[in-house]
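Annotation comment: Swiss-Prot describes 1-19 as signal peptide, evidence class similarity to another entry. Sequence annotations record features per position, and here Swiss-Prot assigns disulfide bond to Cys111-Cys122, Cys365-Cys527, Cys523-Cys538 based on similarity to another entry. Look at Swiss-Prot and you will find 199-564 tagged as domain 'Peptidase S53'. Marked as N-linked glycosylation site by Swiss-Prot on the basis of sequence analysis: Asn210, Asn222, Asn286, Asn313, Asn443. The active site, charge relay system annotation in Swiss-Prot covers Glu272, Asp276, Ser475. Sequence annotations record features per position, and here Swiss-Prot assigns Ca(2+) binding site to Asp518, Val519, Gly540, Gly542, Asp544 based on similarity to another entry.
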Amino acid sequence: MGLQACLLGLFALILSGKCSYSPEPDQRRTLPPGWVSLGRADPEEELSLTFALRQQNVERLSELVQAVSDPSSPQYGKYLTLENVADLVRPSPLTLHTVQKWLLAAGAQKCHSVITQDFLTCWLSIRQAELLLPGAEFHHYVGGPTETHVVRSPHPYQLPQALAPHVDFVGGLHRFPPTSSLRQHPEPQVTGTVGLHLGVTPSVIRKRYNLTSQDVGSGTSNNSQACAQFLEQYFHDSDLAQFMRLFGGNFAHQASVARVVGQQGRGRAGIEASLDVQYLMSAGANISTWVYSSPGRHEGQEPFLQWLMLLSNESALPHVHTVSYGDEEDSLSSAYIQRVNTELMKAAARGLTLLFASGDSGAGCWSVSGRHQFRPTFPASSPYVTTVGGTSFLEPFLTTNEIVDYISGGGFSNVFPRPSYQEEAVTKFLSSSPHLPPSSYFNASGRAYPDVAALSDGYWVVSNRVPIPWVSGTSASTPVFGGGILSLINEHRILSGRPPLGFLNPRLYQQHGAGLFDVTHGCHESCLDEEVEGQGFCSGPGWDPVTGWGTPNFPALPKTLLNP
């Protein structure tokens, strides 16, 4: 049956399911560890579904990102506005008309869009949703560190074939809330000795990365930073105030968040959320800070999508955003990954610096046809974000040089090819590293990550008014490098009349690690088998897929990144 016949029968197909296709045939639908099913959802219960509408001019958007992010380009720093981006990628009138008419015919009347018009979120009853999406069958699930409740379908859904040119995927059916990169160790026992520290605090970070008490925001510039929180994780103002009383006495700082975008819950504070806010605001001290709160319960079925839509609905945004969450690439559909990557590209075109944690599973490991392979994570593997790995002190209780934190995520994407900006650095690593794993374990031609690193081991956090030691993970290193260090550099750039850093990677790789401490010792974990025996990639001189170009050396890094 041809496309015209499918179009003529579009609304009858809502019920019949003929001329249908699966937008996400490769989406993994197995239940993640720690989640349990509570049974079928009530047919009259309401849920929200997010329809990702097909965008236009994505290739042109990619060209513009390259132009505004490359210091050698005459367009460098001339970022697009949200309205510019909307004009470029807005779905065609045919797409908007076709999808809206289809939804109205199905009874979906409570829908709202975003400024770019490429997402449409609708509230429907379970009964309506299952008729609209043949094959879907919604169940209640509970799980995750905060016992989050979600509604998902364990079965694949179909769309009318006539919608294939118009809809990338439907969010809110399969993907569970993303995982966090965070772990907590028992507190080590050590006898008190002069010069020792008993965990990473703002003063330890400032000492290691050469930040002085004067390296803080001016409080007068139009500078801001943000972190995103999911999984019903919330911070408490009282925890932030106590953290600053305990650890912020030797530098100027702000003791409250400037703005919360989304829904800030009233429940117990989460360690993840507390960590993000406290170290973002102590490394990037005295800089206006926003928190994006996307719990993924009532506001939207998929919290990460909810955050992306918030970015597409605000004209004036913080310059730097840090995110400490991710999923394995192989757990996500190609349609979802490619569309999210385009959303990250949109942010880069607008001059936003997005930093993602590289994860806490080293190179990762999974079995394909009985053979082990490394397991990259996304969005850490996106070519349009700056990914942050993790390090530890060489001597755990002294402020020394850094080595690899063995859990630091890193590797090579199985989805995205290697971007041109890192061609030289990655080629050099692959040709010179004496400790490469067998080639069958990784895709040597893929986007390689992380790009940079920072301390990720042994942090102090205040949560629910209790100081908690030895919290670790790239969830810790990301706000330190991203919001903190880069926001301070943006402060200097803005005060001198320059644009903010924007998408950092093209410039970062052109500088060949200038302004960073090179981390050259240590390897991260991987598959426990006879071939690699638990060892993934190892660090070495220059860029490597464990710590990237290294960790920040503040006096040198601003000099590198201030001009042009």
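Using the three backbone atoms N, Cα and C, a Cβ is placed for every residue, glycine included.
Structure coloured by features recorded in Swiss-Prot.
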residue : record                           : Cβ neighbours (10 Å)
Cys111  : disulfide bond                   : 17
Asn210  : N-linked glycosylation site      : 14
Glu272  : active site, charge relay system : 28
Asn313  : N-linked glycosylation site      : 15
Asn443  : N-linked glycosylation site      : 19
Cys523  : disulfide bond                   : 22
Cys538  : disulfide bond                   : 19
Gly540  : Ca(2+) binding site              : 21
Gly542  : Ca(2+) binding site              : 18
Asp544  : Ca(2+) binding site              : 31
Fewest Cβ neighbours within 10 Å, where candidates are the recorded positions Asn222, Asn286, Ser475: Asn222
Chain-internal residues near Cys527 (disulfide bond), provided their CB is under 8 angstroms and they sit 6+ positions away: Ala363, Cys365, His372, Phe374, Tyr441, Gly534
Recorded positions listed as Asp276, Asp518, least Cβ neighbours within 10 Å: Asp518
Candidates Asn210, Asn313, Val519, Cys538, Asp544, namely the recorded positions, that fall within 10 Å of Asp276 (active site, charge relay system) by Cα distance: none
Residue pair Asn443 (N-linked glycosylation site), Asp518 (Ca(2+) binding site) - Cα distance, angstrom, rounded: 25
In the chain carrying Cys122 (disulfide bond), residues 6 or more apart in sequence that have Cβ under 8 angstroms from it: Ser48, Leu49, Phe51, Leu103, Ala108, Lys110, Cys111
Environment of Asp518, Val519, Gly540, Gly542, Asp544, the listed Ca(2+) site - residues of the same chain whose CB lies within 8 A of the CB centroid: Gly513, Thr520, Ser539, Pro541, Trp543, Thr547, Trp549, Gly550
Number of other Cβ atoms within 10 Å of the Cβ of Cys365 (disulfide bond) across all protein chains: 19
Rounded distance in angstrom between the Cα atoms of Val519 (Ca(2+) binding site) and Asn286 (N-linked glycosylation site): 29
Between Asn222 (N-linked glycosylation site) and Asn286 (N-linked glycosylation site): CA-CA distance (Å): 12
